[in-house]
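Asks: Per TrEMBL, compositional bias 'Polar residues' is recorded for 970-980. TrEMBL lists CYS756-CYS814 with the feature disulfide bond. According to TrEMBL, the feature domain 'Ionotropic glutamate receptor C-terminal' maps to 435-807. Taken from TrEMBL, the feature site 'Crucial to convey clamshell closure to channel opening' applies to LEU676. According to TrEMBL, the feature site 'Interaction with the cone snail toxin Con-ikot-ikot' maps to ARG706.
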Amino acid sequence: MAAALAYRWLLCAAGIVNVLPIGGQRHTASDNPSTYNIGGVLSSSESEEHFRTTIAHLNFDQQYVPRKVTYYDKTIRMDKNPIKTVFNVCDKLIEKRVYAVVVSHGQTSGDLSPAAVSYTTGFYSIPVIGISSRDAAFSDKNIHVSFLRTVPPYYHQADVWLEMLSHFLYTKVIIIHSSDTDGRAILGRFQTTSQTYYDDVDARATVELIVEFEPKLESFTEHLIDMKTAQSRVYLVYASTEDAQVIFRDAAEYNMTGEGHVWIVTEQALHAKNTPDGALGLQLEHAHSDKGHIRDSVYVLASAIKEMISNETIAEAPKDCGDSAVNWESGKRLFQYLKSRNITGETGQVAFDDNGDRIYAGYDVINIRDHQKQHIVGKFSYDSLKAKMIMRINDSEIIWGGKQRRKPEGIMIPTHLKVLTIEEKPFVYVRRMGDDEFRCEPDERPCPLFNASDATANEFCCRGYCIDLLIELSKRINFTYDLALSPDGQFGHYILKNNTGAMTLRKEWTGLIGELVNERADMIVAPLTINPERAEYIEFSKPFKYQGITILEKKPSRSSTLVSFLQPFSNTLWILVMVSVHVVALVLYLLDRFSPFGRFKLSHSDSNEEKALNLSSAIWFAWGVLLNSGIGEGTPRSFSARVLGMVWAGFAMIIVASYTANLAAFLVLERPKTKLSGINDARLRNTMENLTCATVKGSSVDMYFRRQVELSNMYRTMESNNYVTAEQAIQDVKKGKLMAFIWDSSRLEYEASKDCELVTAGELFGRSGYGIGLQKGSPWTDAVTLAILEFHESGFMEKLDKQWIFHGHVQQNCELFEKTPNTLGLKNMAGVFILVGVGIAGGVGLIIIEVIYKKHQVKKQKRLDIARHAADKWRGTIEKRKTIRASLAMQRQYNVGLMASHAPGTISLAVDKRRYPRLGQRLGPERAWPGDAADVLRIRRPYDLTKSGQLGLGRTRPQQNPLPPRYSPGYTSDVSHLVV
């Protein structure tokens, strides 16, 4: 079984398998054991002897050993061969039922043998206490499940580094470490601890450059070239003694070990033969005191067993390595008790962390002097009163590089900086250079835009508030600069991304902030808002301008629509006026119609009675009074109607006066107010309102809304409307596409002062300031801050405000425009002119209808006249026929009378016959009645023609004997004699 166990351990050490203790049934006993065997795997006979002596003395210490409890020692010598060590542990320790094992190793045995002991005993859950193993691998509880140690691992020196940096006020360092497990462990612990170690974020130590190298170096020159270009001059080195010698050798050749350079090294590097003079190193207290660690480990074990006995039952330890099913639960419990120990021992305060590693270990701070002499200048030790570790360093005893007594700054301050800015009116105006331009204007500075995708640059010129500030700042604190625009045109926001190989999220910044965080720029001079999210990753100067957040909107347009003249009255009132006009007209007509005094004669006129007031005239009268036009005719005649007319005139006077006053107020004196009252306006927070608001994506305002819980609903609504740049949003506000733009007050007040149609709504909120951004730990931070404070005191910042932000003349013009009444124009009164045009068009249309109707009436009248004339003619013809018939009847009677008497003709007849010869012709009986009329007509036609004296086309015929006229009395026979 021991051989199999050894084989499995080798696989585990090689990283092929990862074995955990095998679970099983818990062994219980009625009483706790009275004897406890403590195993020891030690590196020398002296250690073995001291181990036995310590246990012997322990049995007499009642503070740690209960009554009836005895401890026995079981020791073996550490073998260089880990396989033999495994067999020895099984045969000589586990067979003896040891409850714990204390292990150490010599300088030549390495860490494989302690690892073999830890794996073997850990397989059976037997706790192991190491007193000399300091490798980071023993902190891995997946392999060394029950391993503790009274010495700290090497990577715990990162904690001491942080204490030293805090003491010397160094905030930017370069870490040099080997690529093995311990080198990476010390880097990880430094970075993790530095995040929580400092109370003041500004004092936090940051890593400017990480230099990782493969062990067994031959040359370090390539890395030194990168280190020389960095700002930091504080080097933290973790390397073996051999590698440290190569690093120090090459650093000396590059003059990086002299004045101004600070080297802080770990224990292994401190032992290099060429460690630079002035370097500071660490040395663990009691690092080689095996006797002290043996005693502390035994007493820690005794303290844990004592507490465990008083709390629970301890099962006997496993006995046989051949039984793979053994799972000693008491051993697991004992390991937990051991980790909770905190006692004062010979090596100091002994306590453990969750990994079983020693904490509260003391260190000496060593200063290297001439000829590699080591001088202790400080200590890192446990303070029992404060219950924590305290760093104490005597700065006056330190001799730094170059034999200097004064502490180096730890950083090389560059005098030529790369400065970034961004277009944001009025702070930065950007103008593209023309093809024929070779330089910018005197008040401008070149600010190229670098395209990272194709490594090209577009030439621009910048001017404005921030550019003037940068120029004055460079003169005051003496630096030169290269100015450039933000590559992506954004201030910058963070994106959460997964860490490689970890379950945690990290923030990755874009825009200006990303350039600064990734150390591609040294300074940001722009309207950069100071907020907690940004201050966590970059430095800020004191604010050069204080501002807040406000809302920009377009002023509500005055009611200058086509129906502006109707605005003084509401729709209801207009309808009532229209109805009143016609109702009064109808009542006037009825009163005048039915009044007995509605018709009367005027004394000075003729006797004709005047007509009563008709409905058309009544409507004309009502409209004429209302519109104050002259009434020439069609006025009421009755007293009752005239009383109503006077009342209507008073009503019209009041209506017209009210309309005139309100029209002046609406069109001349109206002053529109803002639509919103501020950030607390209910319409902004009510998602149902049709009101669009937005800000700029990833900006400080966007971050502000993310932080404010009470604005969460509003932020969710506006998030989809956010813009990429503020310029686009302001243009959309002017066009009316965006109702409210939320942004920095300085920019929005500038826009409102420049355009009288824009206005800021409500009071400022989210007050903050604009600051100059710098890298974490930048040496320019203090200088820039002091310069800005001086600018405020000297009035320079106020001068910039007046020059670039507060356009006094423009703002004054806007105020004058607001105070003076508006001049009415066509836009205001267009509706009235349209009304007149409609009236003209209506009149023309009505006259056309009247003309068409009149033509139709004329045609109809003509047809009626023709019909009437035809009827009259027909009626006349009938009358003529009746007359002729009567005449013929009388003629017949006369002729009959003549024939009967055979008397000669009378004188009258003779005359007629002579005058009208044809009367003498006798008519045949056949034409006596029917043809007489026709004959007479035939006889008359020539007469009618000759009567005019014409025939045909101007020709005349001679007079003939005419017929008697149509109604001539001679046409009939004279019968007067018959009467006589």
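The backbone N, Cα and C atoms fix where each Cβ goes, and this holds for glycine too.
On this model, are these features tucked inside or out on the surface, and what's nearby?
Replies: Other Cβ atoms within 10 Å of the Cβ of CYS756 (disulfide bond) number 16 in total over all chains.
As a whole-number mean, the pLDDT of the domain 'Ionotropic glutamate receptor C-terminal' (435-807) in this prediction is 81.
Counting every protein chain shown, 21 other Cβ atoms lie within 10 Å of the Cβ of LEU676 (site 'Crucial to convey clamshell closure to channel opening').
Proximity of ARG706 (site 'Interaction with the cone snail toxin Con-ikot-ikot') to non-local residues of its own chain (separation of 6 or more, Cβ distance below 8 Å) is seen for TYR715, given in sequence order.
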Asks: Using C-alpha atoms only, work out the spacing between LEU676 (site 'Crucial to convey clamshell closure to channel opening') and CYS756 (disulfide bond) and round it to an integer in Å.
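Replies: The separation of the Cα atoms works out to 17 Å.
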